[in-house]
Each structure stands twice: as structure tokens, then as C-alpha cells.
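The following features are taken from TrEMBL:
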| type | residues | note |
| --- | --- | --- |
| DOMAIN | A:8-385 | domain 'Cytochrome oxidase subunit I profile' |
| TRANSMEM | A:12-36 | transmembrane segment |
| TRANSMEM | A:56-74 | transmembrane segment |
| TRANSMEM | A:86-108 | transmembrane segment |
| TRANSMEM | A:120-137 | transmembrane segment |
| TRANSMEM | A:149-169 | transmembrane segment |
| TRANSMEM | A:181-206 | transmembrane segment |
| TRANSMEM | A:218-241 | transmembrane segment |
| TRANSMEM | A:247-275 | transmembrane segment |
| TRANSMEM | A:287-310 | transmembrane segment |
| TRANSMEM | A:330-350 | transmembrane segment |
| TRANSMEM | A:362-386 | transmembrane segment |
| TRANSMEM | A:406-430 | transmembrane segment |
Amino acid sequence: MKYQTQKLAYPYFVAALALFLVQVLAGVLAGTIYVFPNFLSEAVPFHIVRMIHTNALLVWLLLGYFGASYFLIPEESECEIHSPKLASLQLGIFVFAALAAVVGYLFGIHEGRELLEQPFWIKVLMVIAFLLFIYNVTMTVLKGRKTVVSIVLLLGLWGAAIFFLFAFYNPDNLALDKLYWWWVVHVWVERVWELIMAAMLAFLLIKLTGVDREVIEKWLYVIVGFSLFSGLLGTGHHYYWIGTPEYWHWIGAVFSILEVVPFFAMILWAFYLVYQSGRNHPNKAATLWSLGCPVMAFFGAGILGLMHSFPSINYYTHGTQLTAAHGHLAFYGAYVMLNLAFFTYALPALRGLQPFNQILNMWSFWFMTGAMVFMTLTLAFAGILQTHLQRVLAMGFMQIQSQIELFYWFRLGAGLCFLIGAVLFIYSALGPVREQVTISRYSQSPSQ
Amino acid sequence: MAEHFTKSAARNIFYGGSIFFLVVFALLTVHSHFYIKNVSTDESTLTEAVARGKHVWERHSCINCHALLGEGAYFAPELGNVWVRYGGRENAEGARMGLKAWMRAQPTGVAGRRQMPQFNLTEQELDDLIDFLEWTSRIDTLGWPPNDAG
């Protein structure tokens, strides 16, 4: 760690991991309710559990991005963060808003629009925290060295802040509501977050492989370019059945195919760079996560998403468990793994240690990734069956649910394995250190 | 290609292309906005009651169990066409009474069956919510869902 203010990342990562645990626990609880429908049905009904599950995910990923930005921007800009005080204030506001939201949900206080459930005043606090952050990192980048990594990251963060403003627009016309709801929901996760993802991955690859920055940055432009070209109009695959014009059918299909390209390019990019460098970075666990991330993102977000993006297929599969299968692997592969890769890389430096508990960390990788792949497969099977029974044979929804219960049991099992993996990760990242080796050799390594 | 394709070329393609696609996306959205208002939904019947019903729907976060036009939690049935499923097109009064009776009877407490919470909606709220669902069923969704099962 070369700059003092990089330490600002540490509390962000801790808060992110705490919310990660909340998210996984809520997920396991939701999976339990699927197989024991009466479980907690009075105290914490399913819709509240689900709200906590999805909201905790979004907030901890954002906390991860904030922390990662505070960690990488000083190194990229070669200067300290503009105002450490603002960074602490921002963390305070954001964590307070997140906790207030979760407590409020438990008491049934929410706005009830899927994923944008936060009450108005919490949305306002989030925007304030976001603006403080944007101001802080933008000032830092402006006064220091401007690299492609930090510019692309800033564009992603600005985009996330600007497109969030559509969360405040809620017209009475449901079709219009949905049209703009996707401006936040799709344009965030399939667009601006991909800029953040590519920038963070580029930073990790520069550090882990030591390959010439020029080469990495040129391909960074190509990848994020492709992701924006395909992803903006790729929103079309959400506009098939909500009252929008029919031209979105072919636009959605064509650009959904193109959306796979940047994910595939990211795999080639990461593997080529790691292979080409031939350098053994001491933090093998971080390399594992950095390579796993684009691979799972390609399958989860790219391939599984593409499979039912064609209107002719989507007509039957839309709104079934197939969507849930795709959503789980897409979020895990693209954004969860990205943040865990970054934490694995940065936390040893932040704690002033050599990369430690690597074996445990790598076990957590296989536990979580294996569990998530299995969960995705079970939900995909459930979804295919559901599609046939509901959309072809026109059987009633609840009748079908009892036919696919076996898959929900498998999903619950996978969820429990994932929980074990998550606990292992948190323990390996923040837990006690058995073998504390002197820091000198690590900090002198140019690869730090 | 490697020699000709420079970093600044990559950068220019990135900025130029992104702005181009953002503008196209914005224009198509504007067109879709007016298409929704004038063609695919019936704004003349978007009454105060329908708007209030939408807020009842949101206040109780129905979307985190049910799906509406295919988006939601898939824990409970699709409701974009529930009005049609209850026979509202043929017998509006019957469908309204059926939906009200269903919501009042919750939770059913049937073992092994998913439970819908009792939201204790007033008569007015029930009517508003049903007006909203009825209005939603008339959005032109290009023939989706494939059948009444949702």
C-alpha cells in the first residue's frame, strides 16, 4: 500500500462483507420458505425476506465498489484521496441508510417497487452519499495522473449515480413505470456496472500479472465499448411484453447476442494476460477469483441470459424459474466474484499482512462457485419443467409448484453449501492470522 | 491489425459509439413513451381508483411474491392477467367478488401450501386494487402470456 488514504477502503469492505452475510442468510431463509411454506409466514413473510435478500445484495456490491475505488484510485492517480473526511461521512450515511432500510422492511415500511423498495428519504440519503463519493473521487482523479482504468471507473460510477435518479420517477401508468424502471435496473447491472467491473478487473490484472499497462488499457476500451454498444439497446429484451412497440423484439434479440461478446472478450483478456505474464504473484487466491469471475459471468450473464432473450423463446420462458436461474449465476459471476476477488487482493495489504489463509480462501471459492452452479442448474431444470406445464399445457401455477418441489429442496441444499462458503471466505479474509510473516518482502514486491 | 489499432483509436470508438447508442436508445424510448400513452394502454380509463390501486399494490409489495407482466418474484402466480383468469371479461362482477373473497380468506393455513399474508385491506382498497389489476389486463402485451395460466 503506497498511499495512506487507501486505508479508507477497509471499513467499506468490512461493511460489505457483513451485508453479504445478511444477503446469504436471507437467501437461505427464502429457500427454506419454498420447501416449508408456513415457516415464519406470520413473523417475516416471503416478500419481506426477498426484499432483504435483493436489497442487501445491491447495497453490499455498491459498498464494495466504493471501497475498491478508494483503494485503487490513489494508486492510479498517484495521489491521496481528496477528502478522507468526506469518505468517512459517506460511509456513515450509506451504512445508516442500509440498516434503516433493513429494519424498516422488517416492520413493513417500503415503497414496494421491486428492487427499488427503499423509502423516499432513504433513496435521498443514498443519493447524497453517492454525490459525496462522486465528488471525492472525481476531485482525486482530476488532480492526479489520469489512467484509462480510473476514467472508465469514474464513467461507471457517474452512470450509476445518474441512472439511479430514474428510481424517483413512478408514473401511474404501469407500462410507463416499467419502461423507466428498466433504465435503472437494466442499465445499471447490464451496463454501467460492467464499466466498473471491467475497470476493477483491469486494475487487478495489471497488479497480478505485471503485463504492460498500455496493452491492458487498450483492450479495456474495446471491452467496455462493446458492452455499452450492446447493452444500451440490449434493454430491448425487457421490453417485449410490457406494452412497448414490437420493434423491441428484433432489437432485443440482436443486441442480446452482442451482449455476450464483451463477457467472452473478458475471459480471453484475463486468461491471456495471466498466461502471458508467467509471473507467480504471491496472492494466488486473488488470481483464482480474477479468472473465475469472467468465466462465471460469461456463463451466467452471457449464455444463460442469451438463451431466453429471443422473443420466440422468451414468450414461453418469461417470468419462470429460468429467470431466477439466470439471475443468480449472473449476479454471482459478474459482481459478487468481482468484489470477492478485489477483497482477496486488497485486504492483506490493508491489514498489513502477507496474503494469508489462501488455502481457506480458495476452498471458499470452490464451495461458493460449486454451490451456485448447482443452484443454477436445479432452478434451470425447474424452470424448463414449469415452462412446459404452465405455458404449453396451461396448468395452474400452484399445481405446478408442487410438481417441482424436489428442485427447491436441491436449491436449499445448494444455498446451505453457499452459506458455508461465504462464512469460510469471511473468516479467511477478516479472521485471526496464525502465521504472521514480516511484511517487508511483500511490500517491496513491485507487484503489490 | 495490432500495429494499426492504437489505444487512441480504441478510445475514440468507445466514446463515439457510446454516445451514438445512448442517443438511439433515448430516441427509441421517447417513441415508446408516446406509443404506450397513445396506443398500447388506455389512459382515458386510468382513473384515480386505478392509480390508488397501484399504490395499494406497492404499499404491500405484492411484487416480491407475485409477478406482474412477467416481472417479480415467481413465488406466487402471475397477476397481469388475473382479471382474465377469474373470468372478468365475461363476468366483471363475479371476478371482482371472487378476487375479494380470495384476499379476505388469506392466509388459508392449508398445510404445505404457500401462504399469502392477510393485509386487512379496506373495501375501498380492495376495489382500487382490483381496478388496477383490471386496467393492467388491458395493456397490449402483444399476446403475452400464452394462456390464462399466466
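From the backbone N, Cα and C atoms, a Cβ is placed for every residue, glycine too.
Quantities reported herein were computed from a predicted structural model and do not represent experimental measurements.
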For the transmembrane segment (A:362-386), sequence-distant contacts whose Cβ falls under 8 Å of one of its Cβ atoms, 6 or more beyond its ends: 284-285, 288-289, 292, 296, 300, 304, 317, 320-326, 328-329, 332-333, 337, 340, 400, 403-404, 407-408, 410-411, 413-415, 417-418, 420-422, 424-425, 428
Predicted model, mean pLDDT over the domain 'Cytochrome oxidase subunit I profile' (A:8-385): 95
The transmembrane segment (A:56-74) and the transmembrane segment (A:181-206) contact flag, 3+ Cβ pairs under 8 angstroms: yes
Stretch-level contact, the transmembrane segment (A:406-430) and the transmembrane segment (A:86-108), CB cutoff 8 A, at least 3 pairs: no
Top Cβ-contact partner of the transmembrane segment (A:181-206) among A:12-36, A:86-108, A:120-137, A:287-310 (pairs under 8 Å): A:287-310
Sequence-remote partners of the transmembrane segment (A:120-137) [C-beta within less than 8 Å, at least six residues beyond its ends]: 66, 69-70, 73, 81-83, 86-87, 89-90, 93-94, 96-97, 100-101, 104, 111, 154, 157-158, 160-161, 164-165, 167-168
